[in-house]
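TrEMBL has this to say about the protein:
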TRANSMEM  65-87  transmembrane segment
DOMAIN    65-493  domain 'Ammonium transporter AmtB-like'
TRANSMEM  94-116  transmembrane segment
TRANSMEM  152-175  transmembrane segment
TRANSMEM  182-203  transmembrane segment
TRANSMEM  215-238  transmembrane segment
TRANSMEM  269-286  transmembrane segment
TRANSMEM  292-316  transmembrane segment
TRANSMEM  328-347  transmembrane segment
TRANSMEM  353-373  transmembrane segment
TRANSMEM  385-407  transmembrane segment
TRANSMEM  444-465  transmembrane segment
Amino acid sequence: MGMIEIRCYKREEKRGNGTISLLYCHKKMENLLLDYDEYDYPPHLPSGLLPTDASPEWLNKADNAWVLIAAALVGLQSVPGLIILYGSMVKKKWAVNSAFMALYAFSAVLLCWVLWAHQMSFGSKLTPLCGKPAFALSESYLLGPGPGHIPIATYVFYDFAFAAITVILIAGSLLGRMNFYAWMLFVPLWLTFSYSVGAYSIWSGNGFLQEYGEIIDFSGGYVIHLSSGVAGFTAAYWHGTVNRSRVKSDLAVGPRIPHDRQHFPPNNIIHMLGGAGLLWLGWSGFNGGSPLSANMLSALAILNTHFCTAISLLVWMGLDMYYYKKSSVSGAVQGMITGLVCITPGAGLVEPWAAFVMGVLAGFVPWYTMMVHKISTLYQLVDDPLAVFHTHSVAGLLGGILSGIFAKPSYLRMYYGAEKFHRPGLVYSVAQGQLRDGLIQMGYQLLGAGFIFVWNVFMTSLICISISKFVNLRMSDDALKVGDDAAHGEEAYALWGDGELGPPMRLHRTPRLPSFCRRS
């Protein structure tokens, strides 16, 4: 039987022409596991909170509602967020193709996720690198209890949104030249053999990197951003080598045709800002939903996310103004993204002062690496149109390292649980006289980053080389000069004559076999 504290207080109330004194008492339960003789549940509980078939005892309606909303916010980052952002940041002739790559990936990832990839990422152990492929569609599985106090169905959908945006981020490195049929094959293969391995190794309790709870990655700085940036950069490299080798082995020439590479302005900056806004606000679900509960860490994660992002954007803008003598809207968007990415590994695990420091570094370090990239020989070897490597790989690695430095012990215990041992961040370990623990944690952070880097370079290379045996990774040079019309038979801004919309172009086209049937 739990302890019950009874508190009473006197209150005077007006009754008629006089006043009377009333004695009010209420009970404070120190242990909710009380033995009710007459009721199965506390008699004061509203009927809407009582367990039912649709809302069993283990389900917390508030937590479930918040995670479903967070999942929708993460989904909105991709559709329509990145669809609008990609379709606006590229040259006009590539608007449709760039947006469609994101839309296709979102759809294909969901199918693969429920058929096998979710279980490979979070299911029962097959190897130290991945779980057993299995369906995540049965009623008995989806309606069972998941992590925290939510159904598995909510958890499956929430993590799908993470997987989808990861694959879509890779597309940012491949815009303006990738054969769409090759992209159709790349998406399920990379999700299966790269993303699932990273998610299982770091996030799953059975993964070899997270088995003892050593890697700090609150919302995917490593699993999502570092992996997508490295994979995009690697795929862009193979686009240059594998396809160009059919003509001549010249790694110094990037995949886009020279004119596109030298002149690649955004076709609609206002729409670009709209897509960026969806990305920024959607990050509330990205980081705020990670505790899988509507608790204090969720609130802290959201505040830290927006605080760090604002600081990063302003720092990036200030550097542009100092170096180029004018502010750049595209640069401000890049600074926004680096702030979002950098705070992700430690959003709910660091204090706001640390989020401020992370924002300053997120605005400076990727900006600097991007400037170095533009004047280096490497820039001539690898064409990364939207600088995904810098905004996601560099910022994600920076965030993972800084999370290992600034993670607060009490927040780690709240997030991972007291039974799961996590060493404090380096700053707190020094303050507590435990420098060795802090250095060990930093070692684990670097180990996790190293694994994600090596695995993605290896697996992405293998996937691209394998696809190139069946489908051309790169569109033909003639198609590259045309753009969307050659790729899809449609254009983003298709107006003829005096502002009249012409008939659909595909109605006047002679049907042709897709490129995977006509490999050259």
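For all residues, glycine too, the Cβ spot is worked out from N, Cα and C.
Spatially, the transmembrane segment (444-465) is not adjacent to the transmembrane segment (292-316); fewer than three Cβ-Cβ distances between them are under 8 Å for residues at least 6 apart in sequence. Sequence-distant contacts of the transmembrane segment (328-347), counting only residues of its own chain at least 6 positions beyond either end whose CB sits under 8 Å from a CB of the stretch, comprise 85, 89, 216-222, 224-225, 266, 269, 272-273, 276, 279-280, 283, 286-288, 290, 300-302, 304-305, 308-317, 320, 354-355, 358-359, 361-363, 366-367, 370, 387, 390-392, 394-396, 398-400, 402-403, 406-407. Long-range contacts of the transmembrane segment (269-286) within the same chain, counting only residues at least 6 positions beyond its ends with a Cβ under 8 Å from a Cβ of the stretch, are 69-74, 76-77, 80-89, 161-162, 219-220, 302, 305-306, 309, 329-330, 333, 336-337, 340, 344. Taking pairs at least six residues apart, the transmembrane segment (65-87) and the transmembrane segment (353-373) share fewer than three Cβ pairs below 8 Å and do not count as touching. Same-chain neighbours of the transmembrane segment (353-373): 304-305, 307-316, 318-320, 323, 331, 334-335, 338-339, 341-343, 346-347, 379, 387, 389-391, 394-395, 398-399, 402, 406, 427, counting only residues six or more beyond its ends whose CB sits under 8 Å from a CB of the stretch.
Looking at 94-116, 152-175, 182-203, 292-316, 385-407, the range that has the most CB pairs within less than 8 A of the transmembrane segment (215-238) turns out to be 385-407. In terms of C-beta pairs under 8 Å, the stretch of 94-116, 182-203, 385-407 lying closest in packing to the transmembrane segment (152-175) is 94-116. Ranked by the number of CB pairs under 8 Å to the transmembrane segment (94-116), the listed stretches 182-203, 292-316, 385-407 are led by 182-203. Beyond the transmembrane segment (292-316), the same-chain residues lying 6 or more positions past its ends with a Cβ under 8 Å from any Cβ of the stretch are 60, 62-63, 65-67, 146-150, 155, 158, 218-219, 280, 283-284, 286, 331-332, 334-336, 338-340, 342-344, 347-350, 352, 355-356, 358-360, 362-364, 367, 411, 414-415.
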